[in-house]
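What Swiss-Prot says about this one:
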| type | residues | note |
| --- | --- | --- |
| BINDING | D20, F21, N22, R35, H58, L59, G60, K61, R118, R155 | substrate binding site |
| BINDING | K208, G296, E327, G354, G355, D356, S357 | ATP binding site |
Amino acid sequence: MKKIITDLDLNNKKVLMRVDFNVPMKDGKITDENRIVQALPTIKYVLEHNAKLILFSHLGKVKIEEDKATKSLKAVAEKLSELLGKNVTFIPETRGEKLESAINNLKSGEVLMFENTRFEDLDGKKESKNDSELGKYWASLGDVFVNDAFGTAHRAHASNVGIAENIGNGNSAVGFLVEKELKFIGEAVNNPKRPLIAILGGAKVSDKIGVIENLLTKADKILIGGAMMFTFLKAEGKNIGTSLVEDDKLDLAKDLLAKSNGKIVLPVDTVIASEFKNDIEFSTVDVDNIPNNKMGLDIGEKTVTLFDSYIKTAKTVVWNGPMGVFEMSNFAKGTIGVCESIANLTDAVTIIGGGDSAAAAISLGYADKFTHISTGGGASLEFLEGKVLPGVEAISNK
């Protein structure tokens, strides 16, 4: 077991906390503050325990000097200050005397945030490649380290693994958000209430191979939608018209279907159109009758009903990836239907594994109907694959 924040003595300590404040921005304004809100319980806990808090995060990718102008965390510090109802000192540096002196002048109960960790990527990708000197330097700025950024836990960066490895034995822990992610996703996969129904969507089988292989040994049924369904349907010998397909993954899809012993459930109908756009004529056909000149862009009503019949029986549901082209209203009905089916469950643990399916549930107003909506897209996927997450692995054991 990894240490959690409640295992650390924080009194009067300088607490380095890696958060995931990689929020969407438009014209310098934050368009969705969910990730900041999710970190508040851990932040408040630190402040209530008489500590000095030093926060940092990445924001987008920083490839050229010009990126700095649109990738500063200044607006995030201002938003956090507003949400906390207290001043957050922002230091627009990632190292140096100005930052060090601001940290040394912090009093217990005060908050400082320093600049986007990926500004360090401009000079040889020091953050993303976990430069040992950078990890050591950042670790030297505090007494203890808390990692509450689940979204980057599947990456070994200087700001998570680098600090954890250099902060000293027993001085690192995960925050409440990471603890919650590990608990819900971990239990759903490794010790689920049954039946466990997994619903996987999205465009590519290649993104989900590891997840399907891991879940084949653990789930009772795996319902497959999204464009990746066409690789499976073609593997079964069906004509899929001009639908998106990964031809180099057909053998793998055949193999997964053969291994699945009926656990994998494929769509029985699909919504088709002649082009990948919303304002176009569309119709629904059975998967055996897809014309040569049409492409499937969503699961059909019969499939929604079929999937619903499995979802209704579930005691645990894990959902990752939309059922169709959710951003186009004519091809969003499958995702909406599945989302509603899961939201209607009253006696089940329901988990959304981040990314587009989380956005769908939130935009449909169903966020509070799910047991847990993950904050990490790639990290959730790797965790569902049964992989070790470097950002968690580097944390002190209890």
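Glycine too: its Cβ is placed from the backbone N, Cα and C atoms.
Features per Swiss-Prot, on structure.
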| residue | record | DSSP class |
| --- | --- | --- |
| D20 | substrate binding site | coil |
| H58 | substrate binding site | coil |
| R118 | substrate binding site | helix |
| K208 | ATP binding site | helix |
| G296 | ATP binding site | strand |
| E327 | ATP binding site | coil |
| G355 | ATP binding site | helix |
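Scoring each of the binding-site residues (G60, G296, G355) by how many neighbouring Cβ atoms lie within 10 Å, the top position goes to G296.
A sphere of 10 angstroms centred on the C-beta of D356 (ATP binding site) encloses 19 other C-beta atoms. Neighbours of G296 (ATP binding site) among the binding-site residues D20, N22, H58, G60, R118, defined as a Cα within 10 Å of its Cα, are absent: none qualifies. Rounded to a whole number, the C-alpha distance linking G355 (ATP binding site) with N22 (substrate binding site) is 13 angstrom. The binding-site residues shown are K208, E327, D356, S357; of these, the one with its CA atom nearest the CA of H58 (substrate binding site) is D356.
Note on proximity: among K208, E327, D356, S357, the binding-site residues of the record, the Cα nearest G60 (substrate binding site) is that of D356. On its own chain, N22 (substrate binding site) has R35, S57, H58, L59, G60, G151, T152 as residues at least 6 apart in sequence with a Cβ closer than 8 Å to its own Cβ.
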